[in-house]
Amino acid sequence: MASWTQPQPEQGGYMPVYEPGPSAPYAQVERNYPPQYGNGDVKSPYEGDRFKPRKRVNDPIFLILFVAVFAGFCVLSGIAISEWINEGGLGGGLGSGSTGTGVTLNYHTVYLLLLVTAAGLLLATIYLMLTRAFTRMIMHFTLILSILLNIGICVYYWITKYYSGAIIFTIIAIFSILSYWGYRSRIPLASLLLQVIMDVSKHHPSVYFVSFAALIIQAGLSVWFTFTAIATYAKWTPGNPTCGSGSSCSSGKVAGLIFFETFAYLWTSQVIGNVALATLAGGPYGCWYYFGPREQGQMPRHPTTSAFARASTFSLGSIAFGSLIVTLLDILRLLFQALRNNADQEGNPVGAILACCAECFVACIEGMVQYFNRYAYIEIALYGKPYIEAAKDTWRLFTDRGIDALVNDQLVGMTLAWGAYAVGMLSSLFAYLYLRYTHPSYNADGQYTAPVIFFAFVIGAQCLMTLSSAIEAGVSTIFVGLGEDPQVLAYRAPELFGLIASIYPQVVQGVPRV
């Protein structure tokens, strides 16, 4: 179990040392870094407007654009869903006795997705508990599982003669095998990082409150988007009963509206998750790093509330700016995916290979931007910077500290990502069994089984991804604090600092702020 110990006062008294939970013995460091705020080498927690940024709205153009897009989605959704309901698009209830009509998806599916969300929450909580108890074992398992999955996909694509995907995944499989030993050597440090953050979270219930709140909002948004898309198809697709006799229905109109709805959904989803990340980084995690445990009275009052207020008002435009970049890359990746599928159907292997390569390239860029943005949002949360300024400081942090040290952060993310995949698969299995044993009328021929299972997988995976984002926010916040004030971590978690210092001595020297 983790413990909070009160050391003997030195030089006016200093804050308690956090000692992480059970792990193999690591090199201890001498506690020569008491946080002498106001003098000595250690900076004040409020240095550089940290935790007390100037009250100004950053990146207002992107804030206005985001609000306009979300408002447009709300109006479009209201029109489509209201008319769809009036035409009998909903009906049914919970269980096998109230499946509604055979028109289309209805309340039966709403209840199903709500049950999937509940199951996803339960499974995500269990996975996090197991990860805390068996951290290293699960990290080894997920690392090996990632390699086996890459090899399995590669072999499957070669067998099915899907050569474009086979070539790409062959390269990925070879790279993952070669990277195994490097990743494996980093597991002790990554597991200790994960244990420290999970133990800090245990002492700050607001971490899980923010995570669950974001999760509920994300799940509600997913269900809302699902039914908005269904209602849009039903209302404006030519030949549907709800289309009517007017000339406003067309396939092009449906495609355009679905594109806008998807764009609005992805952008809003990104913003919700990143507001939660900024709230946690600027609240419990950042305050623990710079002020120590709240029991000592050094931490500001209501740090989570203050961080959320900053993230959802003055910094919302900056968060929307960074989220828009990822959303555009996500849309571009989906377009290349559609081109690849179309080329496959037309028997054009060259076009399929080119589209697949473009899709993988965009996906890699998207992953790097998401990873980079996480640190930029932490800078925004701590200092209230505009997005461009935060991005510049993040890049300076990366180049000065070295990307290699941050691989440990990525290893933690890989562990949690595999958990999200497992929870998503179990949630989709639950949805399949529910459909099979309740026999809803709208799914008599099984035509809705695939989309319902797909959305169940997305919701289940999103459950753990949202919860794990809280853990990843803590890991990344430690790296940001380590880059700016490494001696503080030597005092907060000496075991962790000692291991980092022994492996990455350049990381614990501190980045000079210009």
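Start at 1 and count along the chain as shown; that gives each residue its number.
Just so it is clear, glycine is given a Cβ too, placed from its N, Cα and C backbone atoms.
According to TrEMBL, the features are:
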REGION    1-45  region 'Disordered'
TRANSMEM  61-85  transmembrane segment
TRANSMEM  105-130  transmembrane segment
TRANSMEM  137-159  transmembrane segment
TRANSMEM  165-183  transmembrane segment
TRANSMEM  207-231  transmembrane segment
TRANSMEM  271-291  transmembrane segment
TRANSMEM  311-332  transmembrane segment
TRANSMEM  352-372  transmembrane segment
TRANSMEM  411-435  transmembrane segment
TRANSMEM  447-467  transmembrane segment
Annotated stretches the transmembrane segment (411-435) and the transmembrane segment (137-159) touching (3 or more Cβ pairs under 8 Å): yes
The transmembrane segment (352-372) in contact with the transmembrane segment (447-467), cutoff 8 A, at least 3 CB pairs, sep 6+: no
Selection from 137-159, 165-183, 311-332, 447-467, the stretch that has most Cβ pairs under 8 A to the transmembrane segment (61-85): 311-332
Intrachain residues whose Cβ lies under 8 Å of the transmembrane segment (311-332), provided they are six or more past its termini: 53, 55-66, 262-263, 266-267, 270-271, 274-275, 278-279, 282, 362, 365-366, 369-370, 373, 376-377, 380-381, 384-387, 390-391
Proximity verdict for the transmembrane segment (207-231) and the transmembrane segment (165-183), three or more C-beta pairs under 8 Å: no
Tertiary contacts of the transmembrane segment (165-183) (same chain, 6+ residues out, Cβ under 8 Å): 143-144, 146-147, 150-151, 153-154, 157-158, 353, 356-357, 360, 407, 411
Long-range Cβ neighbours of the transmembrane segment (271-291) (under 8 Å; 6 or more residues past either end): 15, 45, 50-51, 66, 197, 200-201, 204, 206-207, 210-211, 213-214, 217-218, 221, 298-300, 303-308, 310-312, 315-316, 319-320, 322-323, 373-374, 377-378, 380-382, 466, 469-470, 472-474, 476-478, 480-481, 485, 488-489, 492
